[in-house]
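Noted in Swiss-Prot for the protein shown:
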- 14: active site, proton acceptor (ACT_SITE)
- 42: active site, proton donor (ACT_SITE)
- 13-19, 41-43, 306, 332-334, 414-416: GTP binding site (BINDING)
- 14, 15, 16, 17, 39, 40, 41, 42, 130, 144, 225, 240, 304: IMP binding site (BINDING)
- 14, 41: Mg(2+) binding site (BINDING)
- 300, 301, 302, 303, 304, 305, 306: substrate binding site (BINDING)
């Protein structure tokens with residue numbers, strides 16, 4: 001009897017999901033992406049060699065693991081083929097092991113132009129998008145005018161649909177943003193050619209997943225971004241355009257929620273955020289700089305410096321509820337080595353000192369003041385530790401306190417970037 005496991009972020013993304021997916025696929029037959037696009041950046045370090053993936057599931061570096069991109073993912077064919085080429089240059093047989101849903105919405109050049117024009121027009125109120133067309137592509141999907149991967153193989157119909165979509169968006173670019181329109185013929189020719197380049201990988205991903213389930217194979221679902229960036233449950237409007245939560249697994253692949261056996265929530269030992277938006281525990285002092293420098297907190301997709309802050313247990317508790325999380329994986333514990341004192345946010349207050357529940361709209365969240373509980377740090381190194389018994393006593397106490405506050409067990413502890421630098425207390429597939 002196989003097990004079906006979801007791996008997702010519980011914070012604002014960048015929690016270290018890529019490493020954990022790569023690590024746990026030693027017991028998986030399939031890995032599926034279910035939302036997002038090439039705005040995600042998953043960094044893998046194997047035997048000291050770093051690989052950054054944006055679209056292709058992190059299981060691609062495991063031999064004999066089938067990788068799937070589900071219908072919930074918005075697809076830039078150009079970005080996908082660039083990523084495939086980079087992996088093939090390393091000797092990874094991507095085309096044999098990657099399959100794409102024919103229902104994936106396409107990201108077109110006009111979506112990228114719109115995304116960038118909008119961010120420029122917002123001035124100092126930027127949302128902080130990656131400018132890669134993700135949001136506009138999802139908008140077209142919801143507006144029912146979006147083009148999907150399977151459409152590319154019906155040339156005349158595709159050309160007609162593309163013309164309508166581009167007329168609409170080019171009008172907005174010219175008339176509202178005073179920006180250059182995107183060329184229709186070039187977009188058509190390029191997209192048709194790119195579609196042919198991936199044709200052998202296009203399939204019914206939902207059918208593939210259910211076939212594997214019926215055969216009793218282990219399946220992993222890989223989330224992108226994090227719960228606090230969810231379009232419905234995140235710090236709106238400073239969020240992404242998809243459902244990053246466990247519910248997105250079902251809608252983004254066609255794999256029903258009752259088939260899921262375990263949800264693993266990835267959380268850093270502290271908190272980070274890229275781009276704009278509220279961040280109650282953000283640090284602007286030496287501790288913040290220490291976390292940023294020691295944690296190498298720069299985005300793998302954009303290269304932008306990440307904002308750093310103390311661990312937010314209030315936000316994590318909400319993520320646990322939203323995702324029905326079975327167990328936690330705490331990453332980057334080693335980054336806290338050397339701090340004399342470590343804070344955990346255990347509550348929120350308003351300006352008058354009144355206790356608050358989670359405030360998920362950005363305006364309310366901006367007014368939140370964190371309530372901290374302080375714990376002693378540790379001077380010993382946790383880097384590369386592979387047994388919980390070998391952790392410093394204060395590091396163990398920190399982990400136990402997080403478990404007590406959130407009510408969720410920490411099943412996995414990451415103590416370094418390499419896949420072997422990990423403590424597994426309970427394997428999700430066991």
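Quick reminder: no glycine exception, Cβ is built from N, Cα and C everywhere.
Fewest other C-beta atoms within 10 angstroms, among the binding-site residues 39, 43, 130, 225, 415, are seen around 43. Residue 13 (GTP binding site) has 225 nearby among the binding-site residues 39, 130, 225, 305, counting only those with a Cα within 10 angstroms of its own Cα. When other Cβ atoms within 10 Å of the Cβ of residue 333 (GTP binding site) are tallied across all protein chains shown, the result is 23. Using CA atoms as reference points, the binding-site residues 39, 41, 306 were checked against residue 16 (GTP binding site), and the closest is 41. Between the CA atoms of residue 41 (IMP binding site) and residue 14 (active site, proton acceptor) there is a gap of 8 Å. Put simply, of the recorded positions 14, 130, 304, 305, 306, the one whose Cα is nearest the Cα of residue 333 (GTP binding site) is 14. The sparsest Cβ neighbourhood within 10 Å, among the listed binding-site residues (19, 304, 306), is found at 304.
Here the candidates are the binding-site residues 19, 306, 415, and by Cα distance the one nearest residue 39 (IMP binding site) turns out to be 306. Highest local Cβ density among the binding-site residues 13, 16, 41, 303 belongs to 13, counted as other Cβ atoms within 10 Å over all protein chains shown. Ranked by Cα separation from residue 304 (IMP binding site), the recorded positions 14, 19, 43, 415 are led by 14.
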